[in-house]
Amino acid sequence: MKLSHLDEKNHPKMVDVGDKNITSRIATASGMIYMSQEAFDVIKNNTAKKGPVLQTAIIAAIMGAKKTSEIIPMCHPLMLSKVETDIMEFVKECAFKLIVTVKCEGKTGVEMEALSGVSIGLLTIYDMIKAIDKSMRITDIVLESKEGGKSGKFVRS
């Protein structure tokens, strides 16, 4: 399989999407963060010294999706039409699951924007609570689904 981000001399390049059709693109990614009971309670009770953790993580996830092309070298800048987030609590596991869905009308997909949003959102939780629990674990950052473009639809099974 030939990688599209490498030229004939094996040098990195940004893929030319100029001839592609503009289509509706949507992608959803998710990830988990596990923590101590104390850290989980601080977040749930909204008593973190740095402020409202989950609300800040949502804003960070949106910013992370929007800034993807600035931090991942071969990503194209995209005009996003939607970034939607959801956070699920897992009380028994002392964990949160962050889900980010990104949409645009464009010539390339938004998978990296969804994955970046999840990553930055979870890193923000870690940053805001690390004084309480440095052993937090960020895991299972995955693409859940994507639609649009030549490669069609993908849904994680």
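Note: Cβ is positioned from N, Cα and C throughout, glycine not excepted.
Per Swiss-Prot, the feature substrate binding site maps to Met74, Cys75, His76, Met112, Glu113. As annotated by Swiss-Prot, active site applies to Asp127, with the evidence given as sequence analysis.
Feature annotations (Swiss-Prot) mapped to structure.
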{"residue": "Met74", "record": "substrate binding site", "DSSP (3 states)": "coil"}
{"residue": "Met112", "record": "substrate binding site", "DSSP (3 states)": "helix"}
{"residue": "Asp127", "record": "active site", "DSSP (3 states)": "helix"}
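Minimal Cβ crowding within 10 Å, among the binding-site residues Met74, Cys75, Met112, is found at Met74. Cβ crowding, taken as the number of other Cβ atoms within 10 Å, peaks at Glu113 among the recorded positions Glu113, Asp127. Under a cutoff of 8 A between CB atoms, and with a sequence separation of 6+ in the same chain, the neighbours of His76 (substrate binding site) are Met14, Val15, Val17, Ser69, Lys107, Thr108. A Cα-Cα distance of 27 Å separates Met74 (substrate binding site) from Asp127 (active site).
In this structure the C-alpha atoms belonging to Met112 (substrate binding site) and the residue listed as 'active site' are separated by 22 Å. In sequence order, Thr68, Ser69, Ile72, Leu78, Thr108 are the same-chain residues whose CB sits within 8 A of the CB centroid of Met74, Cys75, His76, Met112, Glu113, the residues recorded for substrate being left out. Cα to Cα, Glu113 (substrate binding site) and Asp127 (active site) are separated by 21 Å. Largest CA to CA distance in the substrate binding set (Met74, Cys75, His76, Met112, Glu113): 12 Å, whole number.
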